[in-house]
Amino acid sequence: MELHNDEKRLLKAFKDSAKNIIDSEGLLEYIEKEKIMRAAFWLTGRDFLNIIEKKSKFLELTELGKNAIESGFPERKVSNYLKTNKLDSFPIKDLSKVLEKDEAGAALGNLKKKELVTIEKGNIFFKSLEYKDLEEELLKKVSLYPNLEEYSKEEILTIETLKKRGFLKLNEVTEREFEITVKGLEYIKNPIEIKEEVTQITRDLIVSGKWKEVSIRPYDAKIPTEEIYPAKAHPMSKIIEEVTEVLTSMGFSEVKSQIVQTEFWNFDTLFEPQDHPARDMQDTFFVKYPDTGIVPHELLKKVKSIHECGKIENEKISKGWCYKFDEEVSKRTVLRTHTTVSSIKYLSSLSNEEKENFHKVFCIDRVFRNETIDYKHLPEFYQCEGIIMAEDVSFNNLVGILKEFLSKLGFEKVRIRPAYFPFTEPSLEAEVYMEGKGWLELLGAGIFRPEVLEPFGIKKPVLAWGIGLSRLAMLRLGLTDIRELHKNDIEWLKKTVVIEK
């Protein structure tokens with residue numbers, strides 16, 4: 001194995017010193033400082049070396065801190081003024097005569113906080129002019145002993161106060177040591193020969209004939225290099241982009257709707273009763289302003305009739321929910337709790353002629369639930385849903401489409417089990433199999449109930465399904481906590497693989 005000259009120089013330091021661990025200073029005799037880390041990184045990639053990093057935190061006095069040690073804290077200046085002038089009190093309004101403008105307010109606040117003074121009729125009275133100040137003493141100590149590790153928990157609390165006052169700042173220093181491995185020790189048992197190398201054959205080398213004498217370093221495409229993290233899209237954005245591409249390739253068109261919806265569109269049109277638990281404040285975000293919205297009057301009458309008695313004009317669809325429907329509730333505004341509202345609005349917009357055609361649409365967007373934040377719940381997340389409206393589609397078609405969709409997302413093993421949703425019948429849940437995790441629920445689906453479709457004058461079956469994209473992202477990225485998707489952890493974002501199937 002041929003090593004770079006810088007790698008050889010670094011290993012020679014271990015050979016000559018017979019040490020297993022050497023710090024950066026110990027290598028300077030053999031290799032230039034700016035080349036140490038590059039050579040060490042290469043040797044680490046060859047398993048010849050380990051890099052040991054130790055991070056230390058050191059405190060540093062700011063200009064304010066240095067002035068405080070030389071001239072005293074602002075509160076000490078006040079007490080010294082009283083001692084010098086043999087006064088027992090001092091008017092608050094005259095603080096600016098003793099202190100700088102930016103010191104006066106802080107001095108008074110700290111005198112009261114430290115319980116060194118009492119305030120009477122606008123005058124400051126010191127309990128004792130000969131007082132001890134822990135902050136002053138600690139600041140002097142820090143000027144002599146800056147290593148943070150040398151301080152107790154109580155002292156660190158005081159240090160935090162000194163930092164807030166602008167007297168101190170914290171610096172982090174990384175110290176590195178280099179440890180040779182067993183493989184590296186085997187290598188240095190042999191003589192280490194360092195030849196003059198050239199990386200580029202120049203005209204002068206050719207003309208002079210020196211190219212015959214020098215060692216030309218071979219180009220090694222496999223040599224370890226520093227990792228580079230180029231700019232890339234957020235993993236959640238890539239998931240959304242991928243799902244959009246999959247659905248578009250399957251013949252779906254994308255539709256959108258507003259974030260703020262009336263309860264009519266969000267709940268009533270989906271045949272969800274007005275006393276359903278999902279519609280209370282524990283699950284839904286109600287909008288304060290505007291708190292009501294416009295509802296299409298004729299459609300409202302039809303939906304109301306469906307809810308109350310299951311009828312559209314004289315046509316009996318079902319029993320309905322058998323309760324008194326409140327039109328004012330329908331007008332209240334909410335943050336949408338699902339993207340199905342986009343499909344419902346799309347269906348309601350179809351003309352009689354358009355209802356005769358074949359329709360495949362989907363929506364990917366943010367939805368909102370009044371959830372308690374934990375490892376699997378957020379109040380805001382992305383959802384994807386879609387519908388297919390056609391004359392002869394059936395439950396079997398729905399299962400086939402879902403399996404194709406999940407297969408294109410990389411899930412080969414899919415199983416279907418029965419489920420219940422208020423606005424579809426029959427309904428199903430699809431589970432996918434993941435190695436090491438078993439079967440996991442991923443999406444819900446079904447066929448829209450007649451009570452949902454009849455108010456729009458739609459007689460054809462409509463297949464519907466929905467999937468939480470945050471759940472999909474967790475499975476694909478191997479996350480156990482949904483909050484990790486939105487932490488903006490730069491290290492995680494840099495190292496996360498842009499989605500692979």
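Going from the start of the chain as shown, residues are counted 1 onward.
Placed from the backbone N, Cα and C atoms, the Cβ positions cover glycine too.
Swiss-Prot annotations:
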BINDING   T340, F423, F448  L-phenylalanine binding site
BINDING   E425  Mg(2+) binding site
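The Cβ of the residue listed as 'Mg(2+) binding site' has 15 other Cβ atoms within 10 Å, all protein chains considered. In this structure, F448 (L-phenylalanine binding site) is part of a beta strand by DSSP. Recorded residues T340 (L-phenylalanine binding site) and E425 (Mg(2+) binding site) have their alpha carbons 15 Å apart, per Cα-Cα distance.
Across the structure, the residue listed as 'Mg(2+) binding site' and F448 (L-phenylalanine binding site) place their CA atoms 6 angstrom apart.
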